[in-house]
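Below is one structure, written out as structure tokens; comments come after it.
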Amino acid sequence: MGRSKKRSRASSSRLNPLRKAGSNDNNKDTNVVNKKLQPLLQNLSSVVPNDRSIALSSISVLCEDAHMRQLLLKEKLVPIILNKLLNDSNSDIVVESFGLLRNLSLEEGYDVSIYLWRSDIWTSITSNFGRIVESLSALQAAEQQPQLKPAGKSKIESKRLLFDFADNLLSLVVALSNGSDDILNEILTESKINEIFQVISQLLKYGVEKLPINLFNTTLDLIYDLSSESFEFIDHVSNNELLSQFLNGLSPALHPQANELTKVLIEGIHCQFLDMKITYDQCNKMIHSVCHSINNIDPVQLVNDINNPVEIGPATSKDESSKVITKIKDYNAKRNESMIKLQSIEIAIDLITAIIEIVASKYESPESQEVAIPEELINTLTNFLPHVFMILKDTFTSRILIGWNNLIWLFVSLSLTELSGELLTTLWSYVTQLDSQDDLSIKIGRMGCIWALLKLIFPDGAFESENRALINVQMLNNSGFARGIIEEFQNNNDLELQQKCINVLSTYAMIQGQIDANKEIGQFFIQTLTQLNVRPEILIEMTNSLFQIYGDASYDYNEPIFVRGGFLSILKDQVVPNLRQQFKMVDKNKNPELKERCHDCFTTLDSFIHYKMNENSTNQ
């Protein structure tokens, strides 16, 4: 019910959602490709391992810039990695190559992920899984023998490389699973799950406390991520004795270097495996625990750290090569620290959003054992969480809007209309004035919040003049607001966004005491329903909205708008023929569900027309 979606598959900004896209200038691009990128790509084929290594590291850094990444992808970066580097004689290069593929999969989402999958990347992953299991087993056996002297530099480096390799492979699996639902479904097959479990089990046998914290977090991330997508995966884990024991005792105390990401992931795993069995008290404690884990992260400083990378130029001599390597290592260390903080906040927001959804599901479930939501949780939801969301709103806008959306709808379900007037006013100002900057996810999230807020502020479709919060938001008979939503609908072609615009307009139109605003919305709906080439989903949504808005003659806007505006004759003479024609074009075989919705809508429209005709004759 409350499965926490860690990130959207439509989003290609997991690795660095804060970085702005680079500029696009064809002449500059040609110059950059010829003078900067091609030499690096050519060095990937150099016979000198050090040249290949420096080139690969430099390319990895460049790929963090969206524009540079696109240029490199156009120059066939992925095929070069697959064909030349995954089987390189230098182990460091192989390990880093898988890491770069992971980054590209996270950044580019579907396109790169599906290309890798169709190029049989899973075979490379599993063959290296086998090597990792063997190496871990040998390492564990060697460490159990009496050590006459401390491990040498080569052994320490070999162990580091092994752990980095496991980290990159497991995180690549996570990246691929997030790139495509088809890939996810294949990864979740029993045979592939068992291959993944073999690696994780060997890591646990080696000793959690001896693993680098990054690898431990990656292991937790994989469990959290796949459990957020599949109940079957949870069953697989629960049926695995070693993994089940590990999760039963899972706590930050297991690892001496546990950080904010460790703590958030552990809470996330607990939430996924408890799901609807979770109590209200556990929900409350989990929210506070997650927020406490990220409390010391400054989102403003985090943005500055991520958006201001160092410039790493090409090496011109042996001494320069050494300096470049040092620069790259320093940069990677700082970047890794920033990305841990970034991912911690991302997952924390998603987890809180999922917990809110679970609370709503439990409250609405007739099978729930808990009748009332305790006062402590109510206080967390109404006072604590809004403060947290407001702190993070400017940096993690898209995610926070989803969190706000869930929280406001929960307020609606709980009939929590007596919220702080200051909170309502501040939140309304934020979502209505938010600059989406052509980010579709922000536009959809913003419109969803506006819809939920209207439901919260006007629960019965009535304006209460003594309510200062309603006066402060200046929403009574605001035709300009209605026109703004209509423009948003007309200027965008995304179905989900358009549907949310209709929901906002429909809810606003039903508020009595504002004839002008209702007229603006009613005429827009009626005119749209007479137009050709409107998607059937939109026609259905608008028609159903008309049923709700004008379903009762007692509404103060019914007589001046619906009756005197001649809506009934327009419905009979123009809308019915248009909908009949448009709905006929929906293929029953290709889209049976939509066809059924069209049929239901048309049938209801016929009944609605007859109802309004009888209503008018009765009132005359």
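Residue numbers in this text run from 1 along the chain shown.
Note: Cβ is positioned from N, Cα and C throughout, glycine not excepted.
Among the features that Swiss-Prot reports, region 'Disordered' is placed at 1-32. Residues or ranges marked as repeat 'ARM 1' by Swiss-Prot: 25-64. Residues or ranges marked as repeat 'ARM 2' in Swiss-Prot: 66-106. If you look up Swiss-Prot, you'll see 181-221 marked as repeat 'ARM 3'. Look at Swiss-Prot and you will find 258-299 tagged as repeat 'ARM 4'. Feature annotation from Swiss-Prot assigns repeat 'ARM 5' to 340-386. Per Swiss-Prot, the feature repeat 'ARM 6' maps to 435-470. What Swiss-Prot lists as repeat 'ARM 7' is 471-510. Annotation source Swiss-Prot lists repeat 'ARM 8' at 564-607.
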Worksheet entry | Whole-number mean of pLDDT values that fall within the repeat 'ARM 3' (181-221) | 95
Discussion item. I need to check the long-range neighbours of the repeat 'ARM 3' (181-221): which residues 6 or more away from its ends have a CB within less than 8 Å of a CB in the stretch?
Written reply: 9, 113-114, 117, 122, 126, 129, 132-133, 136-137, 139-140, 160, 163, 166-167, 169-171, 173-174, 229-230, 232-233, 236, 240, 242-243, 246, 254-259, 261-262, 265-266, 269, 336, 340, 343
Worksheet item: Mind checking which residues reach the repeat 'ARM 8' (564-607)? Cβ under 8 Å, same chain, six or more beyond either end.
Response: 519, 522-523, 526, 529-532, 534, 536-537, 539-540, 543-544, 546-547, 550, 613, 616
Discussion item. Let's see if you can do this one: DSSP helix, strand and coil counts over the repeat 'ARM 1' (25-64), in that order.
Written reply: 32 helix, 0 strand, 8 coil
Worksheet entry | Candidates 66-106, 258-299, 471-510; stretch with most C-beta pairs under 8 Å toward the repeat 'ARM 5' (340-386) | 258-299
Worksheet item: So, by DSSP, how many helix, strand and coil residues make up the repeat 'ARM 5' (340-386)?
Response: 37 helix, 0 strand, 10 coil
Discussion item. Counting by DSSP secondary structure, give me helix, strand and coil numbers for the repeat 'ARM 2' (66-106).
Written reply: 34 helix, 0 strand, 7 coil
Worksheet item: Counting by DSSP, what is the helix, strand and coil composition of the repeat 'ARM 7' (471-510)?
Response: 29 helix, 0 strand, 11 coil
